[in-house]
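Chemist: According to Swiss-Prot, the protein has these features:
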- SER25: active site, schiff-base intermediate with substrate (ACT_SITE)
- SER25: pyruvic acid (Ser) (MOD_RES)
- THR57, GLY71, ALA72, ALA73: substrate binding site (BINDING)
- TYR58: active site, proton donor (ACT_SITE)
Amino acid sequence: MNISLLRTKIHRATVTGADLNYEGSVSICPDLIKASGLLMNERVDIYNCNNGARFSTYVIKGKKGEICLNGAAARHVQKGDLVIICSYCGLSMDEAKKHEPTVVFVNAKNKVTEKRKEDRKNNK
C-alpha cells in the first residue's frame, strides 16, 4: 500500500502576477525551483493564504523572483497574495517512515531565507 506525503513546499511566496490569457501553469523563479527540487511540469497544489483558495496546476520556469499564476488559476489569486506551493509523492509505508520533505521559506521578494528537511520524528 502506498501513502501520499508532502515532497516539497515553498512557504508563503508572494504572487507577482496573474495572467488569465496564458494557457496554464504557475511560473516559478528558477532559484525557488532549484531550492525546492521541483521539476518542470510537475503537478503542484497551491494554497492561497489570503482568500483560502486551493487548486492544482503544474510548474514552468519563470523569471527571477516570479510567482505568476497562469490561465484559469489566475482567477484564484491577486498580485501580492501569499501562497503555499506543495508537491506530493507516493511512498510505501516503510519509505514514509524515513521520508523528510523539503521546505523552502522565502521573503516578500521570493528570495530563499531558509531551506530545511521537515522532522520525521512522528513517523515511527
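Numbering starts at 1 and runs along the chain as displayed.
A Cβ is built for glycine as well, from the same backbone N, Cα and C atoms used for every other residue.
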Chemist: Taking the center of the Cβ atoms of THR57, GLY71, ALA72, ALA73 at the recorded substrate site, which other residues in this chain have a Cβ no more than 8 Å from that point?
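Modeler: Sorted by sequence, the hits are GLY24, SER25, VAL26, PHE55, LEU69, ASN70, ALA74, ARG75, HIS76.
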Chemist: Look up TYR58 (active site, proton donor) in the DSSP assignment and reduce it to helix, strand or coil.
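Modeler: Note: TYR58 (active site, proton donor) is in a strand by DSSP.
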Chemist: Please report the distance from the Cα of THR57 (substrate binding site) to the Cα of the residue listed as 'active site, schiff-base intermediate with substrate', rounded to the nearest angstrom.
Modeler: 5
Chemist: Please report how many Å separate the Cα atom of GLY71 (substrate binding site) from that of TYR58 (active site, proton donor), as a whole number.
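Modeler: Distance between the two Cα atoms comes out at 11 Å.
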Chemist: Can you tell me which of the recorded positions SER25, ALA72, ALA73 is spatially closest to the residue listed as 'active site, proton donor'? Compare CA atoms only.
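Modeler: Of the recorded positions SER25, ALA72, ALA73, SER25 has its Cα closest to that of the residue listed as 'active site, proton donor'.
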Chemist: Sequence gap of 6 or more, C-beta under 8 Å: which same-chain residues meet both conditions with respect to SER25 (active site, schiff-base intermediate with substrate)?
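Modeler: In sequence order, THR57, TYR58, VAL59, ILE60, ASN70, GLY71, ALA73 meet the Cβ cut-off.
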Chemist: Return one of helix, strand or coil for the residue listed as 'active site, schiff-base intermediate with substrate', based on DSSP.
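Modeler: The residue in question, the residue listed as 'active site, schiff-base intermediate with substrate', is coil (DSSP, three-state).
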Chemist: Just how many other Cβ atoms lie inside 10 Å of the Cβ on ALA72 (substrate binding site)?
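Modeler: The answer is 12.
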Chemist: Given the substrate binding site residues THR57, GLY71, ALA72, ALA73 in the record, what is the largest Cα to Cα distance, rounded to whole Å?
Modeler: 10
